[in-house]
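So the structure is just underneath, and the comments pick up after that.
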Amino acid sequence: MNSVSLSHPISTFSLCIFSVFLSFFVLHHAPPYSPNQSQPLNSSRSHQINRSNYIVRFTIYKSAQAHRKYLELGLRLGGWGWIERRNPAAKYPTDFGLVWIEDSSREGVIEEIERLELVKDVNMDVTYRRDLLNEGRRDKDGAFVDGQKRPGKIFTSMSFSDGDGDGDCQYYTAMTNSSINWGRQLLSQRSQVTSLFGAEALWGKGYTGSKVKMAIFDTGIRANHPHFRNIKERTNWTNEDTLNDNLGHGTFVAGVIAGIDTECLGFSPDTEIYAFRVFTDAQVSYTSWFLDAFNYAIATNMDVLNLSIGGPDYLDLPFVEKVWEITANNIIMVSAIGNDGPLYGTLNNPADQSDIIGVGGIDYSDHIASFSSRGMSTWEIPHGYGRVKPDVVAYGRDIMGSKISTGCKSLSGTSVASPVVAGMVCLLVSVIPETSRKDILNPASMKQALVEGAAKLSGPNMYEQGAGRVDLLESYEILKNYHPRASIFPSVLDYTDCPYSWPFCRQPLYAGAMPVIFNATILNGMGVIGYVDGLPTWHPSDDEGNLLSIHFTYSEVIWPWAGYLALHMQIKEEGALFSGDIEGNVTLRVYSPPSQGEKNIRISTCVLQLKLKVVPTPPRSKRVLWDQFHSIKYPPGYIPRDSLDVRNDILDWHGDHLHTNFHIMFNMLRDAGYYVETLGSPLTCFDAHQYGTLLLVDLEDEYFEEEIEKLRDDVMYTGLGLAVFGEWYNVDTMVKMRFFDDNTRSWWTPVTGGANVPALNDLLAPFGIAFGDKILNGDFSMDGEQSRYASGTDIVRFPGGGYMHRFPFLDSSESGATQTVLRTPEMTAADSPILGLIEVGEGRVAVYGDSNCLDSSHMVTHCYWLLRKILDFTSGNIKDPVLFSNSAKQDSPIYVEDNQLPSRRTDVNFSAYSAVLGKELICRSDSKFEIWGTKGYHLEVRGRNRKLPGHPVIDLGRGLNSTVDVSKLRRTAMSKKNKDEFLGNRYLGLFYRDEPDMPLLVGSHWLVPSIIAVTGLLVFLSFWRIRQKRRRRRKVSGSGRFSNP
């Protein structure tokens, strides 16, 4: 009886212990913030494609047969085979092999190949495809037509217009939102381009390009062409059995370089022409063809190489690294910068590489040609700053050159400007005696002669013209007396020289700002490899110069021939009231190993002159911070264009930087009196007390949990303004936008929409705001301003008490992006909320669902007027009567359930492109010096406030590890959450029902576990008390029993 009665409490007690343990486990081990772990990119492919070609790169040069035998002995798996390459390079050692691999065996075979000791890597044999002779049909150029990808590698327009064709061309420019007429500058007769550069003067001295080996990588040339006196060799690298040029482009390029016809003279008539036919009649080429042709150019000791192709993919490593090898072997390469102007951030590779002479185009009036691509280079962004490119510009409009068989014609494009410079280079090479050429001439020394001799044009900035228009005779004078040395390009940064020094001259320096980064190129004419000797040094010309603090990042090893020197410039706190100019020099010592026959190392001191304009620190309300850190671009991921109306340029590859495709907006903000700074680090890395508005435009990345918490506090309790310009995001549309790439044998799927709306919704959740997944298009008018809403999204959550603007737009999300959406009678345009403004605590928030009106890439109409009104509100609490009219007052909140919000994709490996997922939160070198290497403001940091060499510790105010008046902030601790959930979950319903002055932060995932834990604890205490009472009873009854006789 007693045994039975005691079993129940014991079981209950065990159950209580287990319940408490489980509750605390749920409470304390709830999953921390973990962004959605996406799956690898869908690599399914058509069943008709069963094998693909791959490039296997080796660490050493051997014969192709030796490499083949090495693979055959080292591989155990089948499903692969060696591809014989029958071309002129076959008799020379090579560093790569071409193999086919069955798609079903791809992963295993590639993994086994890459395990071999002598294998460097395995890459897809990428196809290059280009259009020629079609400048008048620019809308048909490129890798995409009407939203569909053409066969071949993604490239940009490298096309030309026939000057004998339809006359004047019309070009659209986002600068004016109108067409501008680029009529012919020469009406009755065209001047010889050789005469415009004074080539006759060098011909008269006996310099004609003699004994210079010129490699022309193009469409080939016909034998015995009457315009050439020295065609040394023609080689074919394609899969077509011909050496002839059936398109005319290779012949034209050769004519500009070395033609002898009096109507279309070339610069170097005696240059030895080596025609490399690397494009088929269908204008297609493969990386493997280029690699073999490049190896052959190295083996046959070419002097100069002209390459008139290019594209945005600077991550095609076999191609890019082979270009480095070309220049490392002392071949001077000249390449067209691209025909994607007048847009900024459109430099083409390989012309954007530091070791290549990148050439832009001008017309005969010394205006930058509309088609010429603009800088800066985009390799370095979003977490740095680009280099100055092009290097030089040359005439590229209506240039005369040779036709396929006989006669002359005129073409336009940077691919025409490139051979103009290549012809000059051949002429300049012949100036140096053949016996000492290789000791003096190299890619760096030739670039030094060109950029130092160039004539700076009045009007264009450095990212349009580089050093300026090439000057053949000035470069000749430099080379005639050249001694190997190192130099910096550009050699001067002058804030008083506008517009050439744009964007630097548009905004002066001031204390407390984010570092201004200037990225210069180091050119080392002393040797293919060089080293920086010691640290770069700042030498101010007077005491005021000590107010400038510069931190340097640079290439410690300079190879091949070039490196970089980046200046991170800040004005010290004691210069907060200073106004004036700061001048001085930055010096850098470079050394290279001794040349052949020399005993001592070569040493050179480079000088960069600075003249900087400084003003007192502007008021907070005039300071705007631009978030660059959360921007993702192509390459490496398929980041789609923001406007789905653009059918022939579907990739977002222009950098999304203030000084690339948002450069007009930057100029507008400066004209309006705002000072705009760039943040390339997480949102924890800026002091919100210093800025009126944080500007988030077209962002694709995720956010750290700490960023979300800090921004909430910055807005609510520090008074920071927040302006967000979103973009479309619709998973169904993204799926429809995918395409099968025949080069990589995989499906390419957008990794996000125009913007990462789910991530933005997490960021905006503390304010009760969220974007939807509609894709809205239409025109609207506000305050007399006509605007276009192009593939924008809608607002689906917004608190009551704010101001909301709605307009009737068509929703094309159900139609997808694979076809043009035409309005039908049954389609109706419903009112959609697109603009919201609200005061939140001490700060203000404005959200707008479209960014195309700020982006100059494919702008239809701008909305700078709206941006100014928004900034007036977010920074200065100035309420425009139209934006804050009574009709726009939002009395009741807008709210949708969590399951109606846009969700993240789970079928793409987003972490491969993200700077957040799987990464460490750290402030980078583009944040203020004092927080480099830390996690940011108000967060635990590594090593406290570290004193950097040469930089005194300054008072940061409410900065690192500082104490804040918690009673004033009244802030609620933000709970951790799973990224798949919308912040606040369903408990935000409290916020919408009560409508307090600021959003309430209510716990979500911790609330239920806490209740369970408390309940379990109470149950445990109750049973513990019951058990204690029973023990006392047993004790009493037991003592009485033992006392009985």
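Placement of Cβ uses the backbone N, Cα and C atoms for every residue, glycine included.
Per TrEMBL, the features are:
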type	residues	note
TRANSMEM	12-30	transmembrane segment
DOMAIN	51-124	domain 'Membrane-bound transcription factor site-1 protease-like N-terminal'
DOMAIN	209-461	domain 'Peptidase S8/S53'
ACT_SITE	D218	active site, charge relay system
ACT_SITE	H249	active site, charge relay system
ACT_SITE	S415	active site, charge relay system
DOMAIN	489-617	domain 'MBTPS1 third'
DOMAIN	618-889	domain 'MBTPS1 fourth'
TRANSMEM	1006-1026	transmembrane segment
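Around the Cβ of S415 (active site, charge relay system), the number of neighbouring Cβ atoms within 10 Å comes to 33.
Residue counts of the domain 'MBTPS1 third' (489-617) by helix, strand and coil are 11 helix, 71 strand, 47 coil (DSSP-based). Cβ neighbour count for H249 (active site, charge relay system): 25 (other Cβ atoms within 10 Å of its Cβ, all protein chains included). Confidence for the domain 'Membrane-bound transcription factor site-1 protease-like N-terminal' (51-124), expressed as mean pLDDT, is 95. Proximity of D218 (active site, charge relay system) to non-local residues of its own chain (separation of 6 or more, Cβ distance below 8 Å) is seen for D245, H249, G250, V253, A254, A275, F276, R277, V278, F279, N306, S308, given in sequence order.
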